[in-house]
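Record features (Swiss-Prot):
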type: BINDING; residues: Asp11, His13, His45; note: divalent metal cation binding site
type: BINDING; residues: Asp11, Val12, His13, His37, Ser38, Asp59, Ile60, Gly61, Arg145; note: 4-CDP-2-C-methyl-D-erythritol 2-phosphate binding site
type: SITE; residues: His37; note: site 'Transition state stabilizer'
type: SITE; residues: Thr136; note: site 'Transition state stabilizer'
Amino acid sequence: MTNIRIGQGYDVHQLTEGRKLILGGVEIPFEKGLLGHSDADALLHAVTDALLGAAGLGDIGSHFPDTAAEFKDADSRVLLRAAYQSVQAQGWQAVNVDTTVIAQKPKLAPHIPQMRANIAADLGIDISCVNIKGKTNEKLGYLGRMEGIESQAAVLLVRI
């Protein structure tokens, strides 16, 4: 058994009217939000998937199914913390998190410091160990047409 593991996570949600836009646990002013069973925080869902995957614990859907009433409109920070408790129970600790959020709009840069702080707090790691990159899709495809927002995440775990 190795003492380090890498996990990769991915999530995408459709942009729609009548929903709040929440990324990294931050409510971002925008005319549309992400559609989903929970708060549809694509960034935190990708981080959660990366953590669970690195620990060999499946994915976010197996722990928090979108068919379960108790997760309707759930705060994804709560889900992230619960998933991380499962990861820690298996003897793993997060070392760092590196993420990319692809969104044509809105501009994410003003919100990245708070997103980083939220993830660092939820995982109990230093903010310097959390990175978030905001990218556009250069107006290409469904992301470029502002039909959705996509997130990718990588995490490094060490045995504790």
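Using the three backbone atoms N, Cα and C, a Cβ is placed for every residue, glycine included.
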Secondary structure of Ser38 (4-CDP-2-C-methyl-D-erythritol 2-phosphate binding site) (DSSP, helix/strand/coil): coil
CB contacts for His45 (divalent metal cation binding site) [other CB atoms within 10 A, all chains]: 28
Other C-beta atoms that fall within 10 angstroms of the C-beta of Ser38 (4-CDP-2-C-methyl-D-erythritol 2-phosphate binding site): 21
Alpha-carbon spacing, His13 (divalent metal cation binding site) to His37 (site 'Transition state stabilizer'), which is rounded to whole Å: 10
Number of other Cβ atoms within 10 Å of the Cβ of Ile60 (4-CDP-2-C-methyl-D-erythritol 2-phosphate binding site) across all protein chains: 26
Mapped DSSP class for Arg145 (4-CDP-2-C-methyl-D-erythritol 2-phosphate binding site), helix or strand or coil: coil
Candidate with sparsest Cβ neighbourhood (10 Å radius) among His13, His37, Arg145, the listed recorded positions: Arg145
Cα proximity to Ser38 (4-CDP-2-C-methyl-D-erythritol 2-phosphate binding site), best match among recorded positions Asp11, His45, Thr136: His45
Max pairwise CA distance, angstrom, over record-listed 4-CDP-2-C-methyl-D-erythritol 2-phosphate binders Asp11, Val12, His13, His37, Ser38, Asp59, Ile60, Gly61, Arg145: 28
